[in-house]
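Step one of this worksheet: look at the structure below.
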């Protein structure tokens with residue numbers, strides 16, 4: 001645990017799987033599926049180990065790694081650490097939670113990948129690459145490294161969508177690449193400006209330099225308020241595309257519909273969360289003053305997301321589209337929590353990222369199982385699934401219930417805490433937002449009941465219920481959702497320190 | 001025993017999990033699991049009640065979630081009200097479990113049914129021992145889930161699907177009110193605990209407008225769950241569920257949760273005259289409104305459903321009139337006789353295979369026991385003297401009168417007349433007259449079904465005597481810790497009540513028993529009124545045309561915004577890039593000199609900029 | 001005004017006039033001839049700059065060899081109806097834009113160089129100039145020198161191969 | 001001792017370079033374009049030789065580089081002309097704007 005390579009091992013352990021896969025013959029389907037799944041396990045075990053050690057009081061600072069990597073300038077008048085990009089990994093409670101989420105969902109998505117029909121070799125290699133990217137994003141200790149890992153996920157996702165997706169997969173993949181490419185470009189500009197002016201991209205140091213008057217002297221060039229404001233807005237847009245915030249949400253629809261369900265599990269479950277994570281880490285971490293000024297706007301954006309997604313989900317004909325808009329809607333709750341600008345809101349936002357990770361992964365897992373059997377996810381063509389596939393239908397219903405915030409499941413805790421936070425700062429806005437709670441129930445029940453209840457429709461009548469392999473991830477996810485819902489402290493406690501620090505930054 | 005009260009809800013929960021996992025294999029044995037679980041719950045609950053009678057309130061809790069400095073707790077509390085509700089819920093639940101064994105015999109999802117019942121019972125028991133609003137809210141929603149699952153039990157029926165969806169969504173609308181009210185209260189008081197809230201109300205920490213606002217918001221939740229106007233439409237539709245479910249959830253327990261909630265928060269309501277008045281008006285209006293619809297319905301369960309709505313209106317009226325004791329009293333008696341009526345109706349449906357009362361008749365001879373039990377229930381609900389309904393209703397009349405709600409009092413009296421009339425209309429149509437159900441072999445239900453009905457019948461008769469002006473107001477004294485001062489009601493009131501209910505019965509007998517009055521008296525004379533009543537005042541249609549239409553319109557609007565405006569802007573950007581690209585490719589004319597010129601112009605520009613901005617130092 | 005100044009001014013004037021004429025004459029052969037003046041005056045300038053050897057090479061290679069090659073090139077291609085055709089490419093705008101940017105470039109560079117003076121003067125450069133060059137070339141710059149010779153060889157071979165008629169083509173004709 | 005200043009040579013080179021550049025970018029005849037390029041190379045040579053005498057580190061290196069440039073220019077002229085011949089044989093033209101087969 002206290003080895004200096006713990007985090008590197010955690011992040012790069014899927015690399016072993018990629019190597020092994022490279023030497024596996026193309027035709028050995030079973031071997032490759034097993035390899036793909038098994039390669040996700042080391043990071044899962046390591047992250048769970050770290051998680052429970054942390055719960056028992058282990059200090060995560062001991063895990064930090066730091067090595068010189070790229071030195072941009074070597075002037076005698078600059079200090080040793082200026083204009084150096086280090087390979088540095090470190091985590092706190094927040095990133096630990098996200099890492100556990102990512103490694104867990106990766107393992108489950110690997111199981112769900114049994115439905116992949118072709119070119120398993122390339123698929124699993126990219127899949128594991130995607131996992132490295134996701135883990136790296138959350139473990140990165142500086143912005144450059146963060147960006148590099150972010151781009152790794154982008155590339156891996158692009159190919160995963162473009163090659164293994166549905167009928168319109170190329171368009172979806174390009175859509176994904178374009179939107180996220182623009183987002184990344186904006187992010188890169190922000191990183192470049194900060195790096196050029198501060199001489200470092202380490203998040204901790206940056207935070208110090210931006211806020212501590214004593215450390216401000218270390219800046220290479222001053223960062224005036226106007227520039228800070230523009231940097232913050234740029235960050236908001238960059239992560240707003242990833243999250244997505246409403247006008248930038250069109251790409252996620254295509255990705256949700258076209259990408260293979262196992263990949264969407266990771267996409268909706270983890271990749272969207274990078275937006276939230278980035279907003280918290282950089283938006284609040286580096287620019288708390290600007291964030292405070294914008295908090296009301298962010299809350300409004302959250303409400304817009306929530307309602308807009310909900311109303312649109314209400315009239316979709318395809319269950320995948322319903323879920324896509326539901327993702328938009330649920331990310332609104334993250335924004336609501338962040339916009340609340342208090343501990344409750346912050347906690348709600350983080351809870352929502354985790355909870356939505358579980359729930360959307362569960363729902364897409366089920367979509368994958370359904371699609372495998374019925375070849376459609378259109379609401380009009382499905383019906384009465386509860387008869388032929390009671391387990392699947394029941395899990396679908398349970399997933400919908402979790403998603404609409406039924407107490408005892410994780411969705412409620414996050415929804416409640418986020419709204420609880422917003423009611424403290426902006427009661428009227430929050431009251432409007434509660435309309436979203438009703439609409440969520442309306443659209444989810446409409447969609448799920450259409451599929452599971454009613455008379456059996458053709459195609460669904462003879463479908464077999466889920467197999468044991470498929471059931472395992474379903475029940476693991478359900479168990480996690482209920483566990484967080486019943487005993488939220490398991491999530492709240494690791495986050496406490498991180499939230500407190502952020503609130504200190506916000507001056508609240 | 002009181003510190004063990006938390007264990008009461010766990011038995012049904014255990015039954016739920018057990019049946020969910022192993023129900024397929026247990027088949028009929030599932031019933032025994034469920035029955036055993038609820039019976040043990042009932043025993044423990046009784047012990048808790050016995051303990052509470054002599055003791056004082058017990059409360060235990062622990063931190064559930066810390067949000068900053070605020071600590072949210074979960075736990076349990078045994079107050080007089082809670083202990084009382086525990087017993088009622090577990091008792092009715094046990095009886096329904098028993099009854100369902102006969103009723104659901106042969107259903108292929110038998111064990112699932114029992115699992116759901118277990119879940120519901122767990123949630124309901126959890127609800128009544130919650131010490132704070134948050135926990136109440138959580139169980140409140142879980143109760144809704146149980147109700148939803150059971151209404152949709154016959155999932156392959158389109159009606160069941162629609163009803164389940166409607167039930168969930170309509171109650172959710174109310175829940176949002178509860179949600180907001182709860183959070184607002186916390187922000188003012190700093191705690192979800194009932195005791196802290198009451199303290200704040202007494203201290204005046206809570207400003208008067210805030211009290212009114214939160215009280216009314218929470219009442220919205222109660223309106224949703226208890227099927228009060230205007231959120232009542234789900235409750236009659238909920239009758240799509242199996243009949244035992246209607247008895248347990250949509251008559252005796254869950255729908256009473258709204259009443260329970262208001263009663264549990266009663267000090268809050270007492271502090272605001274406006275909130276009380278709102279509760280009273282909504283209750284009174286619902287009472288007569290639903291009763292009038294029940295007059296003309298032809299589905300046996302729907303009649304009972306509207307009757308439930310109406311009776312819940314009575315309870316709300318009682319609360320609004322400042323008498324929580326009367327409300328709880330009526331809740332208790334209503335739980336017994338309405339459960340009885342539903343079970344009896346279920347017995348009839350089970351035998352005849354239809355719910356249409358036009359197709360029934362003369363069952364008195366075929367099912368004497370069921371008929372007799374139904375009669376007891378009908379007499380009790382009609383408020384015939386000496387049965388439980390008489391006493392509890394009388395208490396409500398008194399409360400309304402003494403609180404100065406003259407109009408509401410008379411409305412309640414008229415509703416009482418309606419109640420007697422529609423109940424006996426039902427009775428005479430179903431059990432009297434000649435047989436109309438064709439050749440189907442109709443026989444009495446098995447003992448496993450009649451036994452619970454018998455118990456309920458006894459309770460329907462006897463429950464009234466725990467709180468009467470004649471023998472003593474035991475319930476009231478106990479619920480208020482001896483501080484109950486029975487208001488001296490005018491003696492004419494009791495007589496009026498008795499006469500009104502007897503009049504209703506008499507009229508029903510004239511119309512449907514003796515047939516000296518034409519049955520189509522109303523439909524022929526006032527077809528408009530009749531149609532309005534038959535179509536439930538067109539409330540459903542109204543919602544479909546307003547709320548449904550608006551929601552759809554907004555969705556469509558957003559759809560077009562999404563499809564054309566946002567996507568349009570995105571396309572515009574890509575089109576611009578494309579245009580720029582094709583312009584650029586036309587510049588690609590293959591002429592080396594052009595390339596050179598462009599390159600050089602660019603260089604010159606850069607050099608010039610550098611030079612003229614002082615780039616040479 | 002020393003003699004050196006006068007010489008510089010005269011040579012520079014001739015060079016520039018040669019260049020301008022080159023731009024404005026209409027016959028290609030005249031253009032080449034105009035440029036020969038420029039080359040020769042540049043050789044004169046080299047002498048002023050104490051680079052006698054370079055000046056000699058300039059006369060030999062530019063005024064001699066390259067000019068001759070160019071004339072051969074002109075002779076071997078067809079240039080009959082030149083007088084009627086336009087001699088420049090592109091439209092008015094492109095030419096104007098090019099001219100403007102050439103001026104801008106010139107001005108910008110002029111800003112940089114018009115006062116440039118390092119104050120140094122290699123006084124000994126003219127003493128045994130060829131010997132100095134030879135010594136440096138065969139000692140310090142020997143490798144570039146060899147590489148240059150290879151380049152010349154490659155250019156020789158390449159030019160022959162390029163200019164030779166294709167076999168297939170020759171047979172067809 | 002007053003001699004011709006460095007900047008005079010540089011300005012002269014600049015003018016010649018500009019003339020060559022303008023010609024290279026606008027002339028239609030490939031031969032003329034080649035000649036213009038030679039002129040630009042010459043302008044550079046003037047600079048080199050001038051710096052050899054008046055530069056920051058005066059010395060014979062500048063002249064040697066001028067020689068190298070001349071050598072390369074000679075090679076370039078030869079190859080360029082060879083290319084011109086080949087082109088002319090195939091396309092029957094020496095006009096640069098008619099040679100655009102590299103179009104997109």
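Keep in mind that glycine also has a Cβ here, set from the backbone N, Cα and C atoms.
TrEMBL labels come from automatic prediction, so no person has curated them.
Record features (TrEMBL):
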| type | residues | note |
| --- | --- | --- |
| TRANSMEM | A:6-23 | transmembrane segment |
| TRANSMEM | A:35-55 | transmembrane segment |
| TRANSMEM | A:123-140 | transmembrane segment |
| DOMAIN | A:140-436 | domain 'NADH:quinone oxidoreductase/Mrp antiporter transmembrane' |
| TRANSMEM | A:146-165 | transmembrane segment |
| TRANSMEM | A:177-199 | transmembrane segment |
| TRANSMEM | A:262-284 | transmembrane segment |
| TRANSMEM | A:296-315 | transmembrane segment |
| TRANSMEM | A:322-341 | transmembrane segment |
| TRANSMEM | A:353-371 | transmembrane segment |
| TRANSMEM | A:391-413 | transmembrane segment |
| TRANSMEM | A:419-445 | transmembrane segment |
| TRANSMEM | A:466-487 | transmembrane segment |
Same-chain residues at least 6 beyond the ends of the transmembrane segment (A:391-413) whose Cβ lies under 8 Å from its Cβ atoms: 326, 330, 351, 354-356, 358-360, 362-363, 366, 369-370, 385, 437, 440-441, 444-445, 447-448, 451-452, 465-466, 471, 474-475, 478, 480-482, 484-486, 488
Leading contact stretch, A:35-55, A:262-284, A:353-371 vs the transmembrane segment (A:146-165) - CB distance under 8 Å: A:262-284
Folded-back contacts onto the transmembrane segment (A:123-140), same chain, C-beta under 8 angstroms, at least six residues removed: 7, 10-12, 14-15, 17-18, 21-22, 32-33, 35-36, 39-40, 43, 47, 88-91, 95, 98-99, 102-103, 106, 109-110, 113, 116, 146, 148-157, 159-160, 163-164, 263, 266, 270-271, 274, 277
Interface-richest range of A:177-199, A:262-284, A:296-315, A:419-445 toward the transmembrane segment (A:322-341), CB pairs under 8 Å: A:296-315
Stretch-level contact, the transmembrane segment (A:353-371) and the transmembrane segment (A:177-199), CB cutoff 8 A, at least 3 pairs: no
Cβ-Cβ under 8 Å with the transmembrane segment (A:466-487): same-chain residues at least 6 beyond its ends: 104, 108-109, 111-112, 114, 351, 354-355, 358-359, 361-362, 365-366, 369, 389, 391-392, 395, 398-399, 402, 407-413
Within-chain partners of the transmembrane segment (A:177-199) [C-beta distance under 8 Å, separation at least 6 from its ends]: 78, 81-83, 143-144, 147, 150-151, 154, 158, 205-206, 209-210, 218-223, 227, 231, 234-235, 237-242, 244, 248, 250-251, 278, 282, 286
